[in-house]
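Taken from TrEMBL, the feature domain 'Glycosyltransferase RgtA/B/C/D-like' applies to 77-207. According to TrEMBL, the feature transmembrane segment maps to 26-45, 97-118, 147-165, 177-199, 219-240, 280-296, 308-327, 333-350, 362-380.
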């Protein structure tokens with residue numbers, strides 16, 4: 001970190017080290033208000049999807065102690081988010097808007113923190129631009145409205161990196177404490193948070209081997225902090241080691257749904273950061289900004305130390321799980337890598353800032369913002385999750401206690417059961433169930449309600465042929481977003 005940037009940072013601080021509200025640029029307030037509005041808009045409009053139901057089931061069926069101690073043994077994620085959600089639900093209940101407000105709060109808090117980090121690394125303009133890009137990032141917006149731990153993961157990664165930069169400037173007790181606490185939070189939020197810590201250590205090591213041959217942070221202080229983080233996270237690391245060994249043996253905790261890694265999935269993850277539904281558009285915007293940066297004739301000097309830090313931060317959370325997906329088991333999911341998103345935004349913001357021609361700066365900003373904003377009408381204007389409340393309402397309002405509700409697979413059954421309050425009994429049947437299993441399930445019921453979500457066409461045909469062979473006719477068919485409901489009535493049964 002150059003002394004000029006640090007002096008500029010200190011110039012706006014009071015004698016107690018705190019900035020006044022009037023010291024922040026006006027555009028930062030615009031960014032935070034915009035980001036907050038986007039993350040709060042329609043927060044409760046969508047029904048819960050499966051992973052959100054899982055989050056709620058975990059905390060509603062366990063005490064806080066069980067969430068902290070027992071849950072890591074049955075779930076692949078660390079317990080911190082679930083522990084926070086447990087207290088949050090206890091205060092605000094289980095409504096969609098109130099539950100998701102926790103994630104939205106983490107997402108909103110990330111905006112000024114990214115600004116603060118960008119300002120310390122470069123200047124105010126880079127900080128504001130990076131925060132503005134995060135405000136409209138499709139993936140960050142999506143995860144800020146999702147009752148999962150990914151917006152907390154971004155916030156914790158930002159905090160850890162911010163305090164690392166503070167350690168570079170002045171390795172005092174305050175910076176060390178901030179780094180230690182934020183990095184422990186990072187480790188207990190998501191296993192991919194550990195890749196951010198690995199990136200930090202990679203950066204420090206390569207800095208020592210670089211031309212200056214100096215440690216960005218005094219080695220003894222850094223090693224002490226890493227030992228402290230390791231001791232604090234050790235209980236989870238012990239559980240994680242068992243999960244990794246199980247993966248190597250072909251087992252593990254609920255990872256079978258992750259597809260095999262491909263280079264296209266790795267590359268398109270970058271595009272998904274801006275536009276999850278159209279990663280090609282997001283990727284094209286990032287590539288074009290890179291082309292402008294490379295082709296620019298008059299540019300500000302490159303800050304190699306900061307570029308190295310951001311490169312490590314971006315690449316390790318992407319490349320390491322991608323490699324492990326080949327060596328151990330498929331692990332690579334774009335949203336799991338979201339901790340690398342701030343690094344990408346800081347890199348592109350810094351490159352835009354370095355462009356000598358103002359016109360190219362505006363074009364670069366327009367490309368990135370345009371790619372992200374292009375996905376917003378579809379995100380807010382179309383249903384994103386399954387319409388489970390409407391589907392369960394249809395069944396509950398029309399099915400009698402003598403009817404049977406068959407839900408096509410165990411995962412859909414969990415979501416259906418959360419919203420359903422009808423009289424008819426519910427049975428879950430796996431999509432690959434054989435004829436005898438289905439026959440045994442529907443035996444003794446003249447009316448069967450079949451509820452399925454994204455069922456494979458072959459499996460759907462199997463259900464339909466079997467019910468037809470057993471003398472059932474379709475009386476009602478309703479299609480909701482990602483959920484279909486059919487009422488089958490046995491021939492000869494009165495309405």
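Glycine residues also receive a Cβ, built from the backbone N, Cα and C atoms like all the rest.
Proximity of the transmembrane segment (219-240) to the transmembrane segment (177-199) is established through 3 or more Cβ-Cβ distances under 8 Å for residue pairs spaced 6 or more apart. For the transmembrane segment (26-45), the residues of the chain that approach it from at least six positions outside its boundaries are 95-98, 100-101, 104, 107-108, 111-112, 115, 127-128, 131-132, 134-136, 141, 144-145, 376, 380, judged by C-beta separation under 8 angstroms. Long-range neighbours of the transmembrane segment (147-165) within the same chain, counting only residues 6 or more positions beyond its ends whose Cβ lies under 8 Å from a Cβ of the stretch, are 1, 48, 51-52, 55-56, 77, 80-81, 84-85, 99-100, 102-104, 106-107, 109-110, 113-114, 116-117, 120-121, 140, 175, 178-179, 182-183, 185-186, 189-190, 192-193, 196-197, 200, 217, 309, 313, 335, 338-339, 341-342. Counting Cβ pairs closer than 8 Å to the transmembrane segment (362-380), the top stretch among 97-118, 177-199, 280-296, 308-327, 333-350 is 280-296. Note: the stretches the transmembrane segment (97-118) and the transmembrane segment (280-296) are not in contact (fewer than 3 CB pairs below 8 A, sequence gap of 6 or more). Residues of the domain 'Glycosyltransferase RgtA/B/C/D-like' (77-207) grouped by DSSP class, helix first, strand second and coil last, total 109 helix, 0 strand, 22 coil. A contact between the transmembrane segment (308-327) and the transmembrane segment (333-350) is present, since 3 or more of their C-beta pairs, 6 or more residues apart, lie under 8 Å.
Under 8 Å from some Cβ of the transmembrane segment (177-199) lie the Cβ atoms of residues 76-81, 149-150, 152-153, 156-157, 159-164, 166-167, 225-226, 228-229, 232-233, 236, 240, 312-313, 315-317, 320-321, 336-337, 339-340, all in the same chain and six or more residues away from its ends.
Using a Cβ-Cβ cut-off under 8 Å and counting only residues 6 or more beyond its ends in the same chain, the transmembrane segment (280-296) has close neighbours at 138, 267-268, 270-274, 344, 348, 351-352, 354-357, 360, 363-364, 367-368, 370-372, 374.
The list of residues near the transmembrane segment (333-350) in space but at least 6 beyond its ends in sequence, with Cβ under 8 angstroms from a Cβ of it, reads 110, 114, 117-118, 121-122, 126-127, 129-130, 133-134, 137, 139-140, 143, 150, 153-154, 156-158, 161, 186, 190, 192-193, 195-196, 258, 265, 268-270, 272-273, 276, 286, 289-290, 303, 306-307, 310-311, 313-318, 321, 364, 368.
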